[in-house]
Every structure is written in C-alpha cells, then in structure tokens.
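K.L.:
I have a structure I would like to understand better, so I am pasting it below and will then ask my questions one at a time.
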Amino acid sequence: MAPPQKKTAIKKGGKKKFVSVEEKKAKGLKLNQVERKKMRKKAATAPEPKVELTEAEERLFSRPTLAEAETVEVVGKAKRVSFSKKLEHTKEFAKTDVVAARPSKTSPGKSILSRAAAGKTEPKKEEPEDAAPVEKRRIVAKRKKPIQVTRKVKEQLMEMDRKQRKAFLLQLKANKKPEVPLMQESKQFWEKIRSSKTSEAERTKLLTKLVETIRGKIPALAFNHATSRVIQAILKSGSKDLRDAVFEELNPELLRLMKSKFGKHIYVKLLRMADESKRRIMFDALNGHCVRLLKNTDGAVCLESIFNDFASAEQRFRIASEFYGNDFMFFRDQVTERNIADIFEKHPTKKNPGQHPRGTGRAHRQRSFQYISHCTNEDRATLIASVADRVAEIVHTPDGSAVGMRCVWNGTVKDRKMIVKNFKGLVASACKEQYAHRVLLAIFDSVDDTVLVNKYILSEIGASIGEVCDNKFGQKVLNYLVSPRDPDYFLKSVINMLALGDGNAHTKKPSAERYKELFAGIVEPLLNHLAENMDSLLLNELTVDLVRRTLRAPQKDDLFQREIPNPLRAACYFAIEKVVGEEFIPMNRHAVEDLFSHLALVQILRSDPHFDIKLGDYFADLPAEQLQSFIGCQKGCFVLVAMMEHGTEKAKDAVRAAVKPSFLKKYANKGAKVLLKKLEAK
C-alpha cells in the first residue's frame with residue numbers, strides 16, 4: 001500500500017488556501033477572530049499528551065506514597081512496609097505532576113533558589129465545592145460616541161492629519177450647535193458672579209455684561225442644565241431692568257418652561273420675583289392648558305406653586321373649572337356662582353367630573369374633594385380604593401383633610417384598615433396639625449375595629465403623649481377621646497362637620513361602646529402623664545380643661561361612661577394635693593386663685609360622691625393653716641364651699657377645724673359669705 005501523500009496548501013484565485021489552522025499558524029500568518037476561537041476550543045478539548053518514561057523513571061514513579069499505603073509495619077530497627085495494593089509498573093503524569101524545585105530547609109547556608117522563591121506568591125486556596133460562584137465583573141472602557149458625517153466630509157477628514165481633523169470636528173460641532181460657545185462664555189461669567197470673593201460693584205458689572213452677551217439667545221439657554229442656573233443667577237442678583245429683559249424674552253416660552261426639567265426652576269423664580277402685572281401675564285398663559293400641565297410631572301410643580309402661593313380665589317376657580325369640560329372653561333365668565341357645588345345645583349346636567357384625579361398636590365386635593373363630593377357611589381368607591389394608601393399624605397390642607405374624612409366615612413372595612421395602617425409613624429405629627437387631626441377624629445367616629453386603632457394610632461399617641469398634650473390641636477384629639485363632641489369644648493361647626501359621617505353604611509358598632517374601648521386604650525398613658533406633670537398642666541389654660549374633663553363625674557352630654565382605675569385616679573389626686581399644698585400668697589399665682597384651675601378644682605370636688613377615691617379627703621390632709629389661707633381670696637372660699645357641700649365628713653371636719661366663723665366675718669367677698677352660711681348651718 002502506497003504511503004499517504006502529504007496535503008499541501010491549495011491556491012485558489014491567486015490566494016493560498018491552507019488545509020488547517022495549525023498550518024497557517026506554523027507559517028507565521030495572522031489568524032482572524034474565527035480561527036483564533038477554533039484554536040482555543042481545540043486546545044481545551046485536546047487530551048493530555050502521554051509521556052514515555054525510561055526504565056529508571058518507571059521504577060522511580062511506580063513507588064507508592066504513604067497516602068496510598070494501607071498498613072505500615074515497624075519491627076525493631078529494620079522498617080518493613082507492606083502494601084496491599086499491587087504496584088503499577090507504568091505511570092502517566094501531566095504537567096501538574098512535575099516536581100517543583102524548592103530551597104532546602106536543612107541546609108545551613110543560603111540556597112541559590114531562596115531569592116527566587118521569596119518572590120513567588122502563595123498558591124490560591126481551594127474553595128469549597130458548595131461555595132456560591134462569584135461573578136467577576138468585566139471592566140469595559142466607555143466608548144466615545146461616534147460622529148456621524150456625510151461621505152464627502154469623511155473624505156475630507158481622511159486627507160487631514162490628526163490636529164487638523166480635531167480642529168475641523170470642533171468647528172463642525174460648533175456649526176451644529178451655535179450656542180455652545182455662548183454657553184461656555186456665560187458659564188465663565190456665572191462662576192465669577194457667584195463667587196464670594198466678587199464685590200457687589202463688580203458683580204453688578206458682570207451681570208450687565210452677561211445679559212448683553214446672551215441677549216436674544218436667552219430662550220436657547222433656558223432649557224440646558226447648566227445655563228438654566230445662569231439665568232436663575234440673573235433673576236436672583238440682577239436689577240429690575242435685567243429681570244425685565246429676561247422676562248420679555250421668556251414670555252413666549254412660558255408653557256415650555258413649565259414642562260421643562262430645568263426650565264421649571266426659572267419659571268418658579270420668575271413667578272416669585274414678578275410684580276402683579278407680570279404675574280397676571282403668567283397666569284393668562286395657563287388658560288386652557290391646566291389639565292395637560294397637571295398631568296405633566298414638571299408642569300404640575302409650577303401649577304401647584306401658582307395655585308398654592310399666588311392665585312386668588314377667582315383664579316383658583318378658573319383653574320378648577322377647566323377640569324369640568326369646555327362649557328365651564330369658555331363660559332365661566334358668564335357664571336355668577338363661584339362655587340362648583342352651586343353650579344352643579346343650578347346645572348345638574350354638567351355634573352360630570354370625568355376621571356378621578358391622581359396625585360397629592362393641593363390642586364389635586366381640591367379636585368379630589370370636588371370629585372368625591374359630587375360623583376356617584378361607584379365612582380366614589382373607585383376613588384377611595386385608589387387613594388386609601390395615600391390618605392396620610394394629603395391631609396395637610398382643608399381639601400385634603402375633607403377628602404381623607406370622606407374616605408374614612410365611605411370606605412369599606414378593607415379601605416379603613418389600609419388608611420389606619422398607613423398612619424403608622426405619622427400619628428404624633430398628624431395630631432399637631434390644624435387639618436390632619438380631623439381625619440383622626442373621623443377614624444374615632446367610624447372605625448369599628450378598635451383593636452386596630454389602639455395598635456396603630458392610640459399606641460403612638462400614648463408614646464408621644466407629652467408633645468401631643470402641649471399642642472393646641474393635640475389637645476383637641478385628647479379631649480375628643482375623653483369627651484367626644486362636647487359642646488362646651490368643640491365648636492358647633494366642628495360637631496356639624498363630624499356629624500356628616502354619622503349613619504354611614506360600614507359602621508355597625510354602637511358609638512358608646514366604641515368610645516369606651518378607645519378611652520380604655522389611652523387612659524393609662526394619659527393619667528400617668530397628668531399625675532407626673534400636674535403642676536404645669538393645672539396652671540396652663542390650654543391643658544387645664546383636659547384635667548377637668550378627665551377627672552370629673554359623667555355629664556348629661558357625655559356619649560359614654562368613663563372608667564378610670566382607682567390607682568390612676570389616686571395618683572392624680574395626690575398630685576393635685578401637692579400643687580394646692582404650696583404656700584398660698586394672695587395676688588400671687590396659685591392653683592386655688594387661678595381663674596381656670598380653680599374651676600377645675602371645684603368641678604372635681606363636686607364629683608366626689610360618684611367615686612370611691614375623693615379629692616376632698618386629700619385636701620383634708622393638708623395643714624389647717626394652709627386651708628385657712630384659702631379664705632384670703634374669693635375663689636379659695638368657693639373651693640372650701642365645694643368641700644363642705646360634696647365632701648365626706650372627713651373633709652367637712654377639716655374645713656370646720658381650719659376656718660373659724662368669727663375670723664371669717666372680717667371678709668366681705670361673696671365667697672366668704674357663702675362659706676360662713678355653710679359653717680353656721682352645722
């Protein structure tokens with residue numbers, strides 16, 4: 001059989017075509033990407049080459065190691081090692097089996113390999129098999145954005161050297177964006193203007209020069225992230241003439257400014273620094289565009305700023321009327337009513353608010369209030385479901401608070417649960433706000449799940465009882481828990497507003513039972529706070545009413561029966577005794593002589609027959625000299641009269657022992673005369 005002929009390169013079309021990639025590499029030719037990939041794949045899958053050993057090497061490598069030995073026998077001095085495994089006479093090894101040369105540790109001298117060995121790094125530790133693989137991030141250099149040019153320009157660039165090409169591209173960029181040099185120049189002015197080292201006179205000159213430089217190009221600079229700040233600097237530090245020049249150029253672009261990410265800041269600054277005439281021009285630019293602006297993220301910011309801070313009631317009506325169709329927008333000047341509710345009453349066919357609003361701004365809140373007040377029950381349920389998780393965010397204004405209250409009144413059990421839970425962490429601040437606290441009162445009136453209310457609302461009030469008690473709106477919340485809808489404390493308008501939620505379809509529990517359970521959740525932290533701070537609370541006209549309503553007997557207007565544990569009541573009475581026991585000096589501020597605190601003391605003393613713990617008995621323990629000093633003022637005499645009329649025998653005996661009728665006759669005030677009659681009666 002003839003030997004196979006060796007394959008050679010084949011010529012095709014004037015070019016050499018190699019049989020294999022190895023042959024091409026052996027010739028020293030450059031491989032393309034596909035060929036290099038084939039070479040790597042072939043090298044990875046190729047089997048390890050076998051190495052033929054000499055007879056001496058076979059004997060050397062065929063000896064087993066100690067790790068392979070099963071038994072080792074030591075007999076005397078002669079060491080015999082027996083192996084159960086049969087020794088193999090051939091050995092295959094790869095590159096990893098090659099013995100590495102290391103310096104000898106037994107040699108006293110320096111090894112020639114010691115320096116080289118010192119430079120070697122420690123081998124990598126083997127990771128456990130169950131270790132999670134760590135992905136190595138490949139650092140990729142950021143590529144420059146390619147410049148797109150025409151073929152003609154590309155031919156010109158190919159004929160240029162590097163410097164000429166760079167200059168040509170810069171000029172090309174400047175031609176496409178002619179404002180770039182102007183931007184750079186204006187930013188240089190801006191850096192000098194905002195520097196603290198620049199004097200006022202120099203800053204004024206720079207501002208004038210800057211406005212002259214950018215005159216006619218201000219709208220082109222207003223929408224850039226850097227140069228928009230330059231224009232803001234002119235509005236902030238420039239004179240009235242410079243601000244007027246900026247306003248004249250930006251006047252046709254007001255709507256674009258409102259919708260721009262960077263231009264909106266210029267619009268807000270223009271709005272704040274404009275006079276009444278310019279502000280009217282800016283407001284007229286909104287005509288017919290309010291709906292679209294409110295749907296735009298940046299436009300909504302500008303519209304909110306106008307609506308909240310600068311618009312009059314008439315202008316707010318014009319903004320709101322755009323959401324109710326073209327008839328309202330075009331014929332609103334002919335409408336005499338300036339209230340949406342009055343318009344709906346007169347024109348019921350126009351009652352079509354469209355889609356319910358989404359958002360938390362003030363314009364959104366007013367729109368939501370109008371919507372929830374006039375929409376159908378189905379639409380109202382849809383609105384409540386969509387805003388239930390955001391009620392805590394919108395309750396800071398009158399309209400937002402009204403929306404929140406209606407969500408509580410008309411919401412389902414599931415909606416109410418979500419509303420209450422979303423107040424978590426915000427209850428203390430809500431108690432201290434003028435409008436937000438009304439939503440809490442609506443929750444106390446309507447939510448039957450008192451366990452949920454105790455967990456998420458009353459627990460936070462109890463934890464922050466001090467700051468809530470010191471706030472005038474927090475006092476309303478606490479007084480509502482103690483004596484809900486008390487006509488002596490709450491205004492009639494507030495009671496009527498809260499009464500709008502009565503009789504809703506989702507409240508089943510009797511109000512007396514619900515109020516009683518809520519009071520039980522707040523009574524302990526409230527009474528502890530009163531006992532610890534009685535000296536300041538009793539002499540403060542803001543907080544003394546809370547002390548009086550909490551400790552007094554049930555009244556005819558009370559909606560439930562308060563139950564206070566005797567230990568808590570006793571602690572409060574002991575604190576009151578301590579305050580009253582301070583030295584009484586006429587015409588000096590004392591709890592007995594103070595206008596508000598003396599009324600609280602008298603009313604609590606009149607409640608003694610209703611409770612086992614009695615304040616009169618605590619006053620009876622005061623020294624006789626202290627009780628006698630009370631007759632120095634008329635209010636002190638009435639405190640002693642209350643002890644005589646409603647106190648126990650112990651309290652009456654203490655008054656008789658301290659005050660002698662003969663001494664009391666020297667006083668001519670009305671309180672002394674009433675007390676004298678009580679003492680002389682028996």
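The first residue you see is number 1, and the count goes up from there.
From the backbone N, Cα and C atoms, a Cβ is placed for every residue, glycine too.
Curation plays no part in TrEMBL annotations; they are all automatic predictions.
Quick paste of what TrEMBL says about this protein:
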type	residues	note
COMPBIAS	121-134	compositional bias 'Basic and acidic residues'
DOMAIN	185-551	domain 'PUM-HD'
REGION	95-134	region 'Disordered'
REPEAT	213-248	repeat 'Pumilio'
REPEAT	249-284	repeat 'Pumilio'
K.L.:
In the same chain, who gets a Cβ under 8 Å from the repeat 'Pumilio' (249-284) while lying at least 6 residues past its ends?
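P.N.:
For the repeat 'Pumilio' (249-284), the list is 215-216, 218-219, 222-225, 228, 231-232, 235-236, 243, 293, 296, 298-299, 301-303, 305-306, 310-311, 315.
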K.L.:
What are the helix, strand and coil residue counts for the repeat 'Pumilio' (213-248) according to DSSP?
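P.N.:
Taking the repeat 'Pumilio' (213-248) as a whole: 26 helix, 0 strand, 10 coil.
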K.L.:
Could you pull the average pLDDT for the repeat 'Pumilio' (249-284)?
P.N.:
91
K.L.:
DSSP-wise, what's the residue breakdown of the repeat 'Pumilio' (249-284) into helix, strand and coil?
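P.N.:
In the repeat 'Pumilio' (249-284), the DSSP-based counts are 31 helix, 0 strand, 5 coil.
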